[in-house]
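Engineer: To start, I am sharing the structure in question, which I have written as C-alpha cells.
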Amino acid sequence: MGCVKLVFFMLYVFLFQLVSSSSLPHLCPEDQALALLQFKNMFTVNPNAFHYCPDITGREIQSYPRTLSWNKSTSCCSWDGVHCDETTGQVIALDLRCSQLQGKFHSNSSLFQLSNLKRLDLSNNNFIGSLISPKFGEFSDLTHLDLSDSSFTGVIPSEISHLSKLHVLLIGDQYGLSIVPHNFEPLLKNLTQLRELNLYEVNLSSTVPSNFSSHLTTLQLSGTGLRGLLPERVFHLSDLEFLDLSYNSQLMVRFPTTKWNSSASLMKLYVHSVNIADRIPESFSHLTSLHELDMGYTNLSGPIPKPLWNLTNIESLDLRYNHLEGPIPQLPIFEKLKKLSLFRNDNLDGGLEFLSFNTQLERLDLSSNSLTGPIPSNISGLQNLECLYLSSNHLNGSIPSWIFSLPSLVELDLSNNTFSGKIQEFKSKTLSAVTLKQNKLKGRIPNSLLNQKNLQLLLLSHNNISGHISSAICNLKTLILLDLGSNNLEGTIPQCVVERNEYLSHLDLSKNRLSGTINTTFSVGNILRVISLHGNKLTGKVPRSLINCKYLALLDLGNNQLNDTFPNWLGHLSQLKILSLRSNKLHGPIKSSGNTNLFTRLQIMDLSYNGFSGNLPESILGNLQAMKKIDESTRTPEYISDPYDFYYNYLTTITTKGQDYDSVRILDSNMIINLSKNRFEGRIPSIIGDLVGLRTLNLSHNVLEGHIPASFQNLSVLESLDLSSNKISGEIPQQLASLTFLEVLNLSHNHLVGCIPKGKQFDSFGNTSYQGNDGLCGFPLSKLCGGDDQVTTPAELDQEEEEEDSPMISWQGVLVGYGCGLVIGLSVIYIMWSTQYPAWFSRMHLKLEQIVTTRMKKHKKRY
C-alpha cells in the first residue's frame, strides 16, 4: 500500500512539473511587458480614426484600439496583438495594424527593446510625421515589417537593409517618404530573401535596378518617381504574381516579345500612367494566369489590341484614358470577366451588341466614347451587374426594362445622352448612385427611387421630368447630392427635404416651376455646401434658418419672387463664396454694419434686378477680403473647387462683359459685383478701388451721382465696367487708361463731361460706351475737345505725322532750287568740256542717280 502511495505521489509531482514547465514560458518576461506598456503610453487612441482600413490585399479590416486590453494584471502574451514564443515566452510578433494609435514615434522608443521580434505590423495608424528610426535595422530576426499608411515621413534609413531575413517589407505611404537614390540598389542587394516589396508613393526618383530578389511574388512601386527603361528581367522573375508600376509617368516599359518566365505565375499587372513602348506583343497571349490588367492612361491607340483577347482567365480589364478606336469586339471568350473599363477613349464607336455574350460582368464603364444607337433590349444574362456607366455617348431610345430589373444594381450613370421615355421602377434595393441627367426623360420620379436606404447621389437634372416632389424624398436619409434642376417639377418644396438628412451637401432644384415659400428648416449641424433654387416661382422671405448652413459656399435664390429686405445675416456664413439674389422683389436699403467679418470670402455678389434703395452698401464692400487680393501663384485657370465636381456642376447665372451667362463652372479668379437695376443713390464709394481682384463691376441702371472714383485705377485686372444709366457727373478719370485688361466699358447715359482718356484699351471702345453724355468729347466721338484742332483723333494724328514726313516743297524752295541748279549745271558743263573728262561726269551722274533712287524707295515704304 505504501508503495502504491509512493508511486502516485511521484506521478503527481511529475505531472505538476510537466504542467508547470509547459505554462511557465507563456509568462511574458517582465522587462518586455514593461517595454510594451511604455510604448502604449506614448500614444493616444483616436476614436475618430477611420472605422475600416485596407490591408495589403485590398480587403477592409475593422479598426479597433488593440492596446486598450494591455494592463499589468495579465501576461503580455495574452494581450491583443502580442504573440509570444511558445517555448521561451519572448515576444516575437506585434500586430497593431489599424489600432487608432496617434502620436509621435520617438527614435528611442521602448519598442526597440523587443529584440526577438520576427513580425512587426504598425500599419494604418497616425504617427503624425515621425521619422523612421534607424533602430528598426536592429531587429535582426525580423521577417515581416509593415509601416505603411502610418504617416511616417522623411528618408527611409539605410539601416533597413540590415534586415537580411526579411520576407515582407511594406513601407508605402502618401505622407512624404523617400529613399536616397543611391541607397535603393544596395537595399535590394542585401534583402535577398524578399517575397513582398511595397514602396508605393515613396519617392525613389531613380532608374529601376535589376537586382530584385529572385523570390519576389509581389512588387509594388506605384507613384515612386521611377524613370528610364524598366529592366526586362523584372518580367522574368519566375515567382512573380503581382506587379504594380502605376503612376510613374517617366518610366518606359517595353514588354518582352518572347514568353515571360513569369507568364505562368503573374496574376495582377498594373501599369496605369506609364509609357508603353511599341505595341502590345503576342507574348501577352501566354499570360494564362492573369486575372487583373490595368493599362489605363498608357497612350494605347488604334483598335483594342488582339493579344488582350487571348487572356481567357481575365477578371478585370482596365483600358481607360487611352486613344482606342473602332467598335468593341464581341466578348464571348471572356467568360470570367467581371470588370471592364474603357472610359474616355473618345473614339470607340459602334453599338452595344457585345453585351449579350457576357454573364459574369459586375462593373462596366464605357463612358465618354462615341457609342451610338439604343441599348439592346433583349439582354438577360447580366444579373450580376452592380455598376453600369454609359454616360457621355450618343446613345438614344428608351432605357430598356432589364436595367431597371437588375437585382443587385448599386450605381447607374446614363447621363449626357439622348435617352427618352419614362424612368421605370427599380427592382434593386441597394442603389447608391443614380445619374440620368441631361437626357430627354419624362414622367414622374419613381417611388422605388425615393425608398432607397443607401442612395447617396440622385442626379436627374436637364430632363422633362414633371409632377410634384413627393414627401417620400425625405426617406433618403443618406443622400449627399440631390439635383433635380432644369425639369418641369411643380408644387412646393417638401419641408422635410433637408430636416431629416444630415449628409446632404448639394441641393439643386433650380429652373423648375416650384412655388410657395421656402418653408424648409435648415437644421443645426447640416453640411450643405450648395443650395440652388433659382428660376422658380418661390415667394416669401429668405429663410432665417440658412444661418445654420455653416459650410455653405454657394447660395443661389435668383429669379424668383422673394419679397424681403437684404438678409445681412448671411454674411456670418464664413464659407460663402457665391451669393445670387438677382431678379426678386427684395427692397429697402442695405443697412451698414460695424461687423468687419461679414462676407469676407465672397467672390460673386449678384443683387441685380431688385428694388434696393439708399446708398451703396459701403460697409459690406469694405469687408470683401477675397476681392482685395490677386492670386498670381498659378498661371493655369482654376475653378472654385468642390469635392463632388466629378458628379455635379452647379448652374449659376452670372453677368459679365454686358452678357448673362449660365455658367456650370466658375473660375476661382472670377470676382464679380452686380448691383444693377436697383434704386441705389448717392456717390460711388471710393473703397471699391481696394477690391483689386475685381473682374466685373456692374452698377448700371440706378440713381448714382457724383464722380467716378479715381481709385478705380487700382482695379488692375478689371475686365468689365458698367456704370451706365445713372446720374454720374464730372470727367472720366484719366487714370482709367491704365486698366489694360478692360474689355467692356459702358458709361452711357450719365452726365459726364470733358475729354475721353486716350491710349491702350480706351482706343478700342466705340461710341456706344459714351452715348448719352452730351458733355463728353474726343475719340471715338465726332465732337472734338477744346473747339480747335489741338485735340485730334489717333487716326488724325497718324495722318499728320505722315504729312510731316512727306517731301512737301514750298514755292520759295522751288525758286531757290531752280536758281542753284542753273548755276551749278552751267559750271559743271563748262568744267567738263574744258577739262575733257566726260568719264568723270558719267561716274558722278551714276552715283547721284543711285542715291536718289535709294531714298525714293525708302520714302515709299513709309506709306
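Keep in mind that glycine also has a Cβ here, set from the backbone N, Cα and C atoms.
The following feature annotations were taken from Swiss-Prot:
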CARBOHYD  Asn71  N-linked glycosylation site
CARBOHYD  Asn203  N-linked glycosylation site
CARBOHYD  Asn211  N-linked glycosylation site
CARBOHYD  Asn261  N-linked glycosylation site
CARBOHYD  Asn378  N-linked glycosylation site
CARBOHYD  Asn464  N-linked glycosylation site
CARBOHYD  Asn519  N-linked glycosylation site
CARBOHYD  Asn563  N-linked glycosylation site
CARBOHYD  Asn698  N-linked glycosylation site
CARBOHYD  Asn714  N-linked glycosylation site
CARBOHYD  Asn746  N-linked glycosylation site
CARBOHYD  Asn767  N-linked glycosylation site
REPEAT    140-163  repeat 'LRR 3'
REPEAT    358-382  repeat 'LRR 12'
REPEAT    408-428  repeat 'LRR 14'
REPEAT    525-549  repeat 'LRR 19'
REPEAT    741-759  repeat 'LRR 26'
TRANSMEM  813-833  transmembrane segment
Engineer: Check the glycosylation sites Asn203, Asn698, Asn714 for other C-beta atoms within 10 angstroms of each C-beta and report the one with the most.
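Structural biologist: Of Asn203, Asn698, Asn714, the one with the most crowded Cβ is Asn698.
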Engineer: Given a separation of at least six residues and a C-beta threshold under 8 Å, show me what packs close to Asn378 (N-linked glycosylation site) in the same chain.
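Structural biologist: The answer is Ser356.
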Engineer: When a 10 Å sphere is centred on the Cβ of Asn563 (N-linked glycosylation site), how many other Cβ atoms does it contain?
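Structural biologist: Excluding its own Cβ, Asn563 (N-linked glycosylation site) sees 14 Cβ atoms within 10 Å.
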Engineer: Go ahead and report the DSSP secondary structure tallies for the repeat 'LRR 26' (741-759): helix first, then strand, then coil.
Structural biologist: 0 helix, 8 strand, 11 coil
Engineer: Quick test of the contact rule: Cβ under 8 Å, at least six residues beyond the ends. What residues does that give for the repeat 'LRR 3' (140-163)?
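Structural biologist: Apart from its flanks, the repeat 'LRR 3' (140-163) reaches 53, 56, 92, 97, 105, 115-134, 169-180, 183, 186-187, 189-191, 193, 198, 200, 202.
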Engineer: Give me the non-local Cβ neighbours of Asn261 (N-linked glycosylation site): same chain, 6+ apart in sequence, Cβ-Cβ under 8 Å, ordered along the sequence.
Structural biologist: Phe235, His236, Leu237, Ser238
Engineer: How big is the Cα-to-Cα gap, in Å, between Asn71 (N-linked glycosylation site) and Asn767 (N-linked glycosylation site)?
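Structural biologist: Cα to Cα, Asn71 (N-linked glycosylation site) and Asn767 (N-linked glycosylation site) are separated by 87 Å.
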Engineer: Taking DSSP states H, G and I as helix and E and B as strand, how many residues of the repeat 'LRR 12' (358-382) are helix, strand and coil?
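Structural biologist: Helix, strand and coil residues of the repeat 'LRR 12' (358-382) number 0 helix, 6 strand, 19 coil.
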Engineer: In this predicted model, what is the average pLDDT of the repeat 'LRR 3' (140-163)?
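Structural biologist: The average pLDDT of the model in the repeat 'LRR 3' (140-163) works out to 96.
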Engineer: Between Asn746 (N-linked glycosylation site) and Asn211 (N-linked glycosylation site), how far is it from one CA atom to the other, in Å?
Structural biologist: 71
Engineer: Would you please pick out, from the glycosylation sites Asn211, Asn767, the one with the fewest other Cβ atoms within 10 Å of its Cβ?
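Structural biologist: Result for the glycosylation sites Asn211, Asn767: minimum number of other Cβ atoms within 10 Å at Asn767.
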